[in-house]
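Student: If you scroll down you'll find the structure; I have some questions about it.
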Amino acid sequence: MTEEKIQCDGDRQPLEESSPLRGKPSWIPRCLRRMLPAGFLDEVKEQCALAGPVFISQLMIFLINIVSTIFCGHLGKIELDSVTLAVAIINVTGSSVAIGLSSACDTLISQTYGGKNMKRIGTILQRGILILLLFCFPCWAIFINTEGILLLCRQDPEIARLTMLTQLYVYIFIPALPAVYLFQLEMRYLQNQGIIWPQVYTGICVNILNAILNAILLYGLNLGIQGSAWANTFSQILMATLLYLYIYLKKLHVKTWGGWSKDCLQEWGLFMNLAIPSMLMVCIEWWSFEIGSFLAGLISVVELGAQAIMLELATVAYMVPMGFSVAGSVRLGIALGAGNFDQAKHSSRVALICAGCFSVLTAALIAGFKNYIPYMFTSDSDVAHRLSQLLLLFAPFHVIESLSCTCGGILRGSGKQTIGAILATVGNYVFGLPIGITLMFVVKLGAFGLWIGMIISVLFQVIILITFIMLLNWEKTSDEAKNRAGVKSEAKSLQDDSTSRSGDILPFDKGHSLDDDSIQRELNLSDIASNGKYTDQLVLEDDSALEASNVVGEVLSLKQLLLRRGLAVAFAMTTLIIGLLIKFFCWQRTK
């Protein structure tokens, strides 16, 4: 029963809790408040509580490579260029793949958690571990051929030492790649249950140790670039290990981990159908910027320097909307898995509004200080002047890219990554790069032209993505989510089980019959609490799922599993063997 606010003069209507202005900030004019979704302020608080720690954790991951670059920068120009190139190769062929593939868990774990099918979450994690570890093999095949790939560019023989040092750094990093993949899975396993801060704690600890290790290995033991590579490798392994220990010691896994099960060998198709588009969404944009940096280097050293700094700024600024992208994805996915599609729609809108507001603020600050920021990175007046010109384009680019990033989170939370992958491909390789390259070399705008092309690419994607989200059938999407979560979504199944499992089924809203298609399991995300400030699982109203199933869809027989998974392992190992053969036969002959 709602509580009325009694007015003394008797000529004003009582204000009920369901008022359209409830949950909206009072400092905003009344006419504008009516344009905001109901419960806006409450949702903003919830998303900011998730987005802030996500931003910090992403920054911690980013700083590990930056520390290596800073330390090696004091060794000499060749060493600095080698580390920069090695980190770029590792990111493009390794880290980006890990981030993309593990993003399938943003869909599966959040929706399964919302559906309260807790043990299935552990099975999804096991499945992710097996699949991502197999992807290490083709990545290793590229890693061991780094020097040969660089020499294919027919670069000047004088950079032979550069390619040799780059190859050495990548060689040493090889054992760290599985740790990078596992850390991404651990992070998504936690954050899609609303657990955010452990990633921050481990990130801070590892960054401190990474700096100490670099100092000891580079200057204490005089290992040079080799020491920096070992420090980075150890830090990546330590980060995954510490987060695992935190999960184990704090018993964050108890409700979701039922031990290793043969069920993790099932549903690889479902996982890959989400993982591959997710990977493309991440990699295509990442690769586009790396291509742009390579092209800028063909123009002049000044263009390359300005482009490199611009890209670093864009990467750091991108972490702010990334926080809201994750927050929106988590809350939306949980709501869809619980059948609360109205809440999912609400969360998506608030995430876009928050990301847009923060991006405008960030863009305004950078544009306002465009003549001062360059000198924080370089003392070269030519590079600084060129960078100040490029920063004029950063403001519109960052605002549009922030919306694109948040839309990507909404797609992941709803399981619609395919549309994102298609738009990323078309936007970057049909519009962005062709237009940017034309403006760079034909119109002779240099890096300025490249960023114009990138703005056009992102704008194209944002317009279609926002339209797609506005027209999305949320009820149907919720049914799909509950199917992925392994719980029945039909109202009939609820009716059949209502007597036998009355303690598990939450009450329906008044005015709905059991035959109404709009029946949904109640999950008021604004009431979800966090025991321990997002260091424990989000507290759901009920820990049990409706007709929970650990396997969705076709169940493969033992013979089918042995054949299909055996072929997957064989294919992965074959790629590594081919890489080794290329390394020891092809490149040896060319030397």
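Each Cβ is built from the backbone N, Cα and C atoms, and glycine gets one as well.
Given the structure is predicted, the values throughout are model-derived calculations rather than measurements.
Among the features that TrEMBL reports, region 'Disordered' is placed at 1-22, 485-513. The compositional bias 'Basic and acidic residues' annotation in TrEMBL covers 1-15, 485-499. The feature transmembrane segment is assigned by TrEMBL to 50-71, 83-104, 124-144, 164-183, 195-217, 229-249, 270-289, 309-338, 389-411, 418-442, 448-474, 566-585 (among others).
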Student: Which sequence positions outside the transmembrane segment (448-474), separated from its termini by at least 6 residues, show Cβ-Cβ distances below 8 Å to it?
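Tutor: Cβ under 8 Å, 6 or more out: 288-289, 292, 295-296, 307, 310, 336, 341-342, 344-345, 348, 352, 389-390, 393-394, 396-397, 400-401, 403-404, 407-408, 410-411, 414, 416, 419-420, 423-424, 426-428, 431-440.
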Student: Flag the pair the transmembrane segment (418-442) / the transmembrane segment (270-289) as in contact if three or more Cβ pairs fall under 8 Å (sequence separation 6 or more).
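Tutor: By the criterion, they touch.
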Student: Between the transmembrane segment (164-183) and the stretches 124-144, 195-217, 309-338, work out which stretch tops the count of Cβ pairs under 8 Å.
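Tutor: It is 124-144, which has the most Cβ pairs under 8 Å.
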Student: By a Cβ-Cβ criterion of under 8 Å, what residues six or more beyond either terminus of the transmembrane segment (50-71) are in contact with it?
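Tutor: Contacts with the transmembrane segment (50-71): 80, 83-84, 87, 91, 187, 191, 194, 196-197, 199-200, 203-204, 206-207, 210-211, 214-215, 218, 228-229, 231-232, 235-236, 239, 315-316, 319-320, 322-324, 326-327, 330-331, 354, 534.
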